[in-house]
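J.: Structure provided below as structure tokens; questions to follow.
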Amino acid sequence: EVRRRAIAATDDDDDAQLQGIPKSDGDVVGEEAEEEKDFPVPACRAGLGCAAALLPVSAAIICFATVATCYMLTEKQTPFIQKGLMFPAISFLGTGGDAKLTYQIGFATTGLLLLLCIGLLTILVGPLLASKGIITRDGHVSVTQSRDAVRNATHSGILSALGVIVQGVFVLETKKITLQSILHWGGALVFMTSAQGHATEVIKLYERSGSKTLRDMFKWSLSWKKACLHAPSMMFLAPIGLQVCRAAFGLGTGAMLQNAMGLMQWGIVASFVMFFVSYGFDLWVVITTTWGQGP
């Protein structure tokens, strides 16, 4: 009971700070209070919030547009649909012709935008999550664990963005194994593993934050993130769906296997991209409601 009251007291104190209510021993009065209240002005906050929110959204749009464009260009140069291959590996879409340059520019831009997004999250959202602690299994609020989680999430987020850039710049070479192909595979692997680790740490921070206001503030965003993280686990349904397609459209075993693997890859990548899109909401909320009010 004592521990529960201590956590509740911490929630009330932290929530008051997040809502702009200063502590009694640190009240800002007079002209200083007016200056803190008026800066930054609401219009400025709204504009900056919208600009920040567009970063992950733009990254997702560019990513999906890149895949769609490369799909059409590759199909035009090396027809694969007529062979029964509907979902080729994403890497295959950037192997030659005009599709190669499109792939490189598109994914490099996507990675840079994600890198900038992670940087803004580290500056604006990270300190809030780190300072409020994490509710441990025994009911305590641990600031040390929250700081570690923020640091891990930041590092893995940066690595995932760099992985997107590397696998985009160093496209796959299909004729033989080269250093460029190894770099491409390495970048793709770093993206996948780092994005998974990043998502796990972020969900832990949002779900078990020591501040009730933060938990409520990111409640909708947390549901979105959880759905995106669970999506890859559902990719096992892809082979079943492709078995149905095989029976209905007469796809060969080789084409079916390639389609199954390709569809699973598409689904996993799309789920992580949509996970990053949710940061648009987070950045907008933090900038428009808490930014400029002090720690």
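Note: Cβ is positioned from N, Cα and C throughout, glycine not excepted.
Since we're looking at a predicted model, the values are computed, not measured.
Sharing the feature lines straight out of TrEMBL:
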type: DOMAIN; residues: 53-284; note: domain 'CWH43-like N-terminal'
type: REGION; residues: 1-32; note: region 'Disordered'
type: TRANSMEM; residues: 46-73; note: transmembrane segment
type: TRANSMEM; residues: 111-131; note: transmembrane segment
type: TRANSMEM; residues: 263-287; note: transmembrane segment
J.: Who are the chain neighbours of the transmembrane segment (263-287) in space, where the CB to CB distance is under 8 Å and they lie at least 6 residues beyond its ends?
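T.: Contacts with the transmembrane segment (263-287): 45, 48-50, 52-57, 59-60, 63-64, 67, 87, 89-90, 114, 117, 120-121, 124-125, 128, 160, 191-192, 195-196, 199, 217-218, 220-221, 224-225, 228-229, 231-232, 234-235, 238, 241-242.
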J.: Looking only at the domain 'CWH43-like N-terminal' (53-284), what is the model's average confidence as pLDDT?
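T.: So the average pLDDT across the domain 'CWH43-like N-terminal' (53-284) works out to 85.
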